[in-house]
């Protein structure tokens, strides 16, 4: 169990500020996901926590103890790398045991721990193989297993699913979720650029942008109450529709946001109307792209049974309680907002 | 014949035939050049070694079989006298010199080269400059550096004697290159000085192939740097190191220029190349020298085959 506290953490490389004063508390046993576009500083933040980068200023605490001057091996952490970082010349067993050999673990204990972790991840039949004889998913399991055997206080994942193909990514995501439920005492920090991974795995999500925290909260909070235009656009797929100009002005805001699933086709009361210019059929969902005469088409989600042919003129009505209004700084307007009723 | 063969093979489609013909014509000039500069001289040397050709009459040689390699005569007294290269103590001295030189120089160059490469692989200010600077010994032509070192090793005026005397490591001036006990040492020092940069560069290329994640993972696990070197770096850099060692061994086995300039005519440093040139050109034993050249070729081929075989054995040993 470790509660991680980041206090005004700053990291600069030369004259470039990468992390610009981050304050964050990660609760013990929680799975926190750092998410953001590339270059937002999420990987750097993770590397500061594990000690692969030195902290320029600010403080990093594990359970109230400063970690600023502790080398990585003294922090009680384990990390899963994007590239897996398995040693190609060592068998799976050796890879998993390599880090343990120095940690004052008896050979028998070491063997037990490796076997236990291998069973948990269903790689116990692969222990004698070399990494090159494994599939991508199996390699990822070995990398996770290598981290598990160290029995860390803090478990770090640096984009662990990026090198896997789409279906394997979903499977491994589930594995990691299961792992989190099993290892209740271990605090996990997970870095990804994929908001779907963040939404599905996280207890809480921390959205980063340009070295600053945009918002921290549960997936539901971020989805329903984004505290900025950036978070509103980043979380959710397909992304939220943003309307500006006259349409927004009618709702007394600079930018009006509405998610595709909060638009209803309504030929009588539909306040916006446009021509269907494109459709996407995903089986369960059917997305319609409407041309409202503004720059971006308006995306509307229908359930998979409905079909609307191209070129049809359609009227849509937004669900008022799900409208997001933002001022010209991209901050939400909350005073008279209907969102407050939820 | 080769061309004819492809053109008449029935199952080859016309497009494939066209491609093969194009490939042949692209390769032909290179094959021709290789034949002229590599295969023909080699074959001719081998042929000469079985004749009694002399330098003054290159086309008048007669076939003598293995006489240049080994022949023996048994006198009526029962005494047998062997002659030919394989019974020549000077030849075996040269073989021993060459092998000793190759083993010592290549081992030391590999070890020092790897150490230099490890330093250059670390990130520090001015690394680019150091990398360029370290190549200077290798970039200087051997003749120039050999002459330079010959002056430094000079028994009367050389800086090496002067320095060693002034710090009290020796009590009299040593004729480094002329003394039979130190000649090989001098050659080794110069060769290691000259070739370590090349070795370091090849090692560095190998080191840079190792992903940084491996080291970071070991760092998080708290693995001792020395253990990381022997259990991670060394096994991963081994393939590159093997290639470098093969290159250097081949070079060392045909060592000629440095010895020729630095320690000419010293029995302690005469290599196979030196002795075969002596016979070919200076002693007018052209066929005899050809036999030695042929043996040199055979020995180098043997070393390469052995080395590749050993390397493969080692690699498969890891797999099991």
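Glycine residues also receive a Cβ, built from the backbone N, Cα and C atoms like all the rest.
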Of B:158-182, B:183-207, the range TrEMBL tags as transmembrane segment is B:183-207
Of B:208-227, B:228-247, the range TrEMBL tags as transmembrane segment is B:228-247
For TrEMBL, the entry transmembrane segment belongs, out of B:132-153, B:264-285, to B:132-153
For the transmembrane segment (B:99-120), the candidate among B:132-153, B:228-247, B:286-310 having the most Cβ pairs under 8 Å is B:228-247
For the transmembrane segment (B:228-247), the distant same-chain contacts (Cβ-Cβ under 8 Å, at least six residues beyond its ends) come to 106, 110, 113-114, 118, 199, 202-203, 205-207, 209-210, 214-215, 218, 304, 307-308, 311, 318
